[in-house]
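**Student:** Look at TrEMBL and you will find 33-54, 60-85 tagged as transmembrane segment.
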Amino acid sequence: MQPFIVVRNYREDDELKCQELVRDYIMSFFKKSFYCFCFREITLQFIVITWAILFIFLGVPLAFCALCVPGCIFFLFSGTYFSFYAKAVELMKTKPNQALVAECYEPYIFRLKPNEVTYQIFMDDAPYEPSFKNKFRKKIIATVSVKSHSSIYNAAWIRFAVAPNYSFQKVAEPMFGLILKNCVQLGYQTIESTISEWQENERDFYDNLGFATRQIYHKQIIGNSLSVMKTQLTFNLRKDEALQKQN
């Protein structure tokens, strides 16, 4: 049986599943961030300074000072983890103005990896009988939400979350096309989004859609010492609407 995906409007009973999906999506970048932070210059400086304080000022034997290395790594690990988890909780609590979900229908015995399968994608509902759909297990693998921007007039924040092992571009592209039409109907002029330096696939996706870079900034992770580079992207809905009319 060929698996397929249905892109539909968000329902109230999807809340818990979407919150779990958003949490898992944000936390999927945690390991990559932690490994990168471990090899930054500030981490080595922190270890050396801690070692010097223990040995010179506190008189800790040199052999025991070596314990500051795993201690600093653990501090970095826990600080990075809780920073990402706090961001995930913040997004989980955010109530969007409008949202879509992608619900995947897969056979109960499904041994292939999602990246190895070509999924049929339907809008609103699949043209199959309910008895046929009952032969599949279904789960929400992606969601996109839109919320009004608090500081830019007639602008909206757009956020994607896609389950691990699923192709971000293949799942998000049809969802973006549908949410784009809804944003035009709601009267928005621009769509804003932010991505971090770890989101290579997402950056390619936004570039292909025609998003432009509004600004690049650094967001603090642990104090002023560790930060992550983020990019704010913008998409002009009026320009896209004008191009569609010309075509």
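Glycine is treated like the rest: Cβ placed from N, Cα and C.
Surface or core, plus neighbours and distances: that's what I need for these features.
**Tutor:** Long-range contacts of the transmembrane segment (33-54) within its own chain (CB-CB distance under 8 A, at least 6 residues past either end) are made by residues 60, 64-66, 68-69, 71-73, 76-77, 80-81, 84, 196, 198, 221, 225-226, 228.
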**Student:** Can you work out which residues elsewhere in the same chain, 6+ from the ends of the transmembrane segment (60-85), have a Cβ less than 8 Å from its Cβ atoms?
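**Tutor:** Non-local partners: 23, 26-27, 29-30, 33-34, 37-38, 43, 46-47, 50-51, 54, 221-222, 226.
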